[in-house]
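Here is what TrEMBL says about this protein:
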type	residues	note
DOMAIN	8-90	domain 'Disease resistance N-terminal'
COILED	27-54	coiled coil
DOMAIN	175-341	domain 'NB-ARC'
DOMAIN	426-495	domain 'Disease resistance protein winged helix'
DOMAIN	545-845	domain 'Disease resistance R13L4/SHOC-2-like LRR'
Amino acid sequence: MAMILPAFVERYMKKLADFVEGEVSIMLRVKDELQKLQRRLERMRGFLEQAERKRHEDPSVRNWVRELKDIMYDADDIIDLCVIEGGKLLESHHPVSAVCHPFPLFSCFGCMKFRYEIGDKIRDLNKRLKEIAEDRSILPKLENPNQDLQESGVNPRQTFPIEANSDIVGTQIEEATQSLVESLVKEQQKFWILGIVGMGGIGKTTLASNIYNDEIIKENFLIRVWVCVSKNFSETKLLQEIIRSAGGNYGQAETKAELIPILSSVLSRRFIVVLDDIWEAKVWEDLLRYPLENATASGRIVITTRDINVAKNMRARVHHVDQMGSDEGWELFCKKVFRDDEKKEIINLKEIGMEIVDKCGGLPLAIKTIVGVLRSKERSNIAWNNVLRSDAWSMSRLQTELPGALFLSYEDLPPDLKQCFLSCSLYPEDHWMHRDDLVRYWLAEGFVKSQGDILLEDLAEDYYKELICRNLLHPDPTNTNQSWCTMHDLLRSLAQFLIGDESAFVGDGKTCTTNPLTKLRRLSISNVGERVEIPNAVKKQNCLRTLIVWSSPKTKIIEHEFERLRQLRVLNLNDTGLESLPDSIGDLLHLRHLDLDRTNVKILPDSIRRLQNLQTLSLSGCKSLHMLPKAITSLCTLRCLRLYETPLSYLPRGIGKLRHLNDLRGFVVGDDRGEQDQGCKLEELQSLSQLRVLWIDRLERSRAGASALANTCFLRRLYLHWQPPEAENNQPRCGEDAIQNANKICNDLSPPSSLEELYFYNFFGNGFPGWLMSSSSLCASFPHLAFLQLHDCKSCPQLPPLGLLPQLKYLRISGADAIVTIGPELLGRRSSAVIAFPRLEFLLLSHMRNWKEWSLGVVEEVGDEIRGASKLLPHLKGLELKDCPELITLPEGLGHATNLQKLIIMGALNLREIKNLPSLTDVLHIERNLRLERVSNFPSLKSLGIVNCPRLQHVENLDKLQFLDLEHPSAVQGTSEIPEQQTESLPQWLLDLLGQHQNAPTGVQNLRVFDLKCSSTLLESFLNDVIQCIPEVWIEDVDGPSWIRYTKGPPSTFQTNVQP
């Protein structure tokens, strides 16, 4: 995490202004010196952005910036100390509850001593700041902040729609081109926009160029225009360029008013305009929208952008460019490195070459850039391995094309977001990052700029979303709410380069080296031994603000390290073997973030009460921690307390006094110890009005909860947990009284309408609460609810009318043992015009052991359509059915889920056929469906996986199938569903599908990859007669290490590890 001067100084000046105007600055007699500091910083603010930008190219500016950063860090520490010590002083003058000021009275002697010390420190700051502000060798370089701005209307990259196909490899880009060209040509609207979105260097321009040069596009659009838009474009030059490219003549016209009507008149025939590399939607809204929408002819606009918000603001239909696969990356690599006649060298260098390609992370620009490095090297495994292992991947060695493309994305960020982006480089390579953790880090470091009354966590989440929209963080595509993400390796390298010596990530056996001219502020280390040991050079500097330990399960000791780490803001020791914290943890007065998740900590020291700046305390998954000290209720600045999956007997009373809490996960109701009850009651939640996230455990202990959530009007995520009835001594505890109490408490809770996510776990009432079951009020009660999970609600015989929820995107129901049928009640009573599940994208139903029938309430046919079906599940993308053994058939009308991409059915033991889903496009995976006989009519399906479906006889009408994955023999282990001899040959349905049987219909024409797991006998039969009608075939022994790989040429290759 590197300080970005403009952002840090702006935040500090607000903090300073608040303090100067307060009572403490007067009592400490530092107001005059602090106001002097204010004035000096205010005079310097105008130079800071230019200094931050120029530090990368001018060593003298870099040193000046480094010195100013040191001053600002020290100034931040001083204000922190003033606030802490001033709090004690105020307490001595105005006694208040000891809950929020757990210190002894501030003695006169201590007060005088601190006044002198802090006064000296502030005067020293002013002296240093005056010296740096008067450095005449630097300031002239920073006096013209606008001199570097571009004025041309054309991007210096100067992209153009080249027709050469040297960068066109694999089927991915060809398929995308074909699909997008078809949409551009066939769409009946007069005018619409296609947005091609992806990170820098991923191939957006290549795809746009492929579309632009497609013959069908040329035939259908008589006017084609390509223009590359810069960040600081000239409106008139851009208009002139489009007019000229469209075959027009703008003559002497030089103003916007003159050029716009000319452009509209020039576009007199069907046109397509490509706007490459757009950074802001204003180029459309303020300039091009009117002339293009009002052109005489119909047209299409194609834009490329790194920021999905730009495309959305232009109301474009978005196409995301995905990273290249390994095979396509290798193909591009070979095109750039080898000639067509160098087949032998390709084979010899493929293994090391593929490692280099994989390190490029699917980024075409990275592949082309590293090829430039390799061209100067000898073509040998040794030379290429040296490149792979060396510093050739550092930004200093790849400073031309690649960093330029990526740096533009970074430079376009506001200063606050730059700091957040750089902070992600402290994570290990390819490590998953969670949104909530990043939000907490950013707050602890002060990276989030306050805006009025908006909660800082909400602003930080917006930062996170913005980095994703700009393709600087990449969300996990399997995670619906985008809460997990990664950072591309090359973006991480860029961030580490920009951080310089201010932060360090130390892993894989490397040692921490420090530059004597710089002070290390943040240290991230991995694979630590039994003891956390900070390098002596770092301890001597005594200015470390962040310490994060990764992948160190053996680490148990951190004693004696806190003495020289008193400036820490962030301490992350999660997933270590740490068993205890020293009392000296209480000396870390600046600490904001303490993460001990999944450690072996058994007890927290009482000294934790001294951490009066602590914002986040994370203790989730601490299996040895059973009690918390009462001192935890003294942490009055605490904003986040995470305790879930930690077996606490109780939570100390007084949690309700922590009024700043907005994230409380693991609120334990009551106490295990009966009459000695020291635990919290639900009523303590009434005073926590800032809560956004709440996790309640042991709800079965509660006896009242009517008003517990009455004041949580901002609540977004709610987790409700009951102890499973079988959990204590394997004895069921579900007497009638317990069931009625569970019903009552759940009904009383009644969450606010702000709720976005709701999770039920182990609810043992005999019906869902009224606030979830009401058809008449559900929509109004939860207008924002997007994620709903109902786990192990075993006694509820009927599901709520969830189809009425207007924003529901993700629905998961598991372990609902009392459900036998799912019918129209799930859709809810609605008028014929209301769509059921209007926003639902993912539906998962699992471990429903008694569920037999599923109806969508659409059975009456009208012509070729099913009445009401078009109003069902219009956005459903994924459907998973797992371990529903009694389910007999899929519902009528499911075929009208027109956006269905993925269907997984596992353990449906009585399902006999899966058919008629014409819209299913990406994946059908079927497994352990023991009575399944037919899979048919999937005309759009690309990938089919089949495991353990022994009675399958018919697989047909899969016209676009490209990938087939089969485990054969399909007999479930321990059964005799199919004769042994059938395991030694391919099933007839497969021969029919491949068109290799004498009675087979036309085989699958588009099949590209066939992956077969089979018996060793069947595998050996392919040694002399492999399937040659498919471009790529993988065959593996289901019980052993043997394998065969065949690739259709030219040239064809046959590889195997089976000895002849």
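Counting starts with 1 at the first residue shown.
Quick reminder: no glycine exception, Cβ is built from N, Cα and C everywhere.
Against the domain 'Disease resistance N-terminal' (8-90), the recorded stretches 175-341, 426-495, 545-845 differ in Cβ pairs under 8 Å, and the greatest number is found for 545-845. Applying DSSP to the domain 'Disease resistance protein winged helix' (426-495) sorts its residues as follows: 33 helix, 7 strand, 30 coil. Along the domain 'Disease resistance protein winged helix' (426-495), the predicted structure has mean pLDDT 90.
Sorting the domain 'Disease resistance N-terminal' (8-90) by DSSP state (H, G, I as helix; E, B as strand; all else coil) yields 74 helix, 0 strand, 9 coil.
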